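Asks: Structure below; questions to follow.
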């Protein structure tokens, strides 16, 4: 009774795939392979963008940031997930969970903003090529990248601070692989409408605004491409932004499905919804960072 009445939890239990030991072993092997590919692929892009003088351009500076971001993003959750697959003890401390939630949300927000900056870079390169060296000078693209990181940290700090202040009663089972913010909010024994409103505002500012910038940029890019008379010229210009557009579609397609409409507490209690959310989270949390360097290298002659 004393344990049931306490409102301060010292640890959470990450449910993940508990009860399916064979499936856990399969996922351990698959995710471990994906994580190695993420480290090697993104690490290689970072190294060549630094060592090759021909790649010292705004686009590859952003790409290097994106690769570093993907490494950080996956490292916040994948190692602990892999350990939980092999360990009978699947708990995480309250402070550790809060830190994991903060880092994951910060990296996710930063990537949204960074993809918007990269879309603007492609717009200037294609639609205003003569002014590109002036508009996208080092004094411009470095603060743009730094601003993306700062926005991500601030947004995550605010949302995490409001979530950790929620009262948590006896239910400490997180039906997820990691400390994902919606899964944590679901456990609170209090009204979470205020947190949902904060999340909605953050989604509008830091997910939808960069998405709007991407849509506007690519609309202008497509209009500019259609004005090119030769099909070879159109294909050449489009190839310079097709890799980024592919990454945007994959990343935003999954993350908007997860966060565009914060769910009510009742909806969050659905086991089917939780299973879907975990698979979607796994997709953009592991697969997307893995295929990013493949997309940029296989479709980019400079990187090859």
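Every residue, even glycine, has its Cβ placed from backbone N, Cα and C.
Below are the features I grabbed from TrEMBL:
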type     : residues : note
DOMAIN   : 41-296   : domain 'G-protein coupled receptors family 1 profile'
TRANSMEM : 25-48    : transmembrane segment
TRANSMEM : 60-78    : transmembrane segment
TRANSMEM : 98-120   : transmembrane segment
TRANSMEM : 141-162  : transmembrane segment
TRANSMEM : 197-225  : transmembrane segment
TRANSMEM : 237-259  : transmembrane segment
TRANSMEM : 279-298  : transmembrane segment
Asks: Taking the transmembrane segment (197-225) as reference, which of 25-48, 60-78, 98-120, 141-162 has the most Cβ pairs under 8 angstroms?
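Replies: The stretch with the most close Cβ contacts to the transmembrane segment (197-225) is 98-120.
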Asks: Which residues of the same chain, at least 6 past either end of the transmembrane segment (60-78), have a Cβ under 8 Å from a Cβ in it?
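Replies: Distal contacts: 31, 35, 38-39, 41-43, 45-46, 49-50, 100, 103-104, 107-108, 110-111, 114-115, 117-118, 121, 141-142, 145, 148-149, 177-178, 285-286, 288-289, 292-293, 296, 302.
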Asks: Check the domain 'G-protein coupled receptors family 1 profile' (41-296) for me and report the mean pLDDT.
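Replies: Across the domain 'G-protein coupled receptors family 1 profile' (41-296), the average pLDDT comes out at 84.
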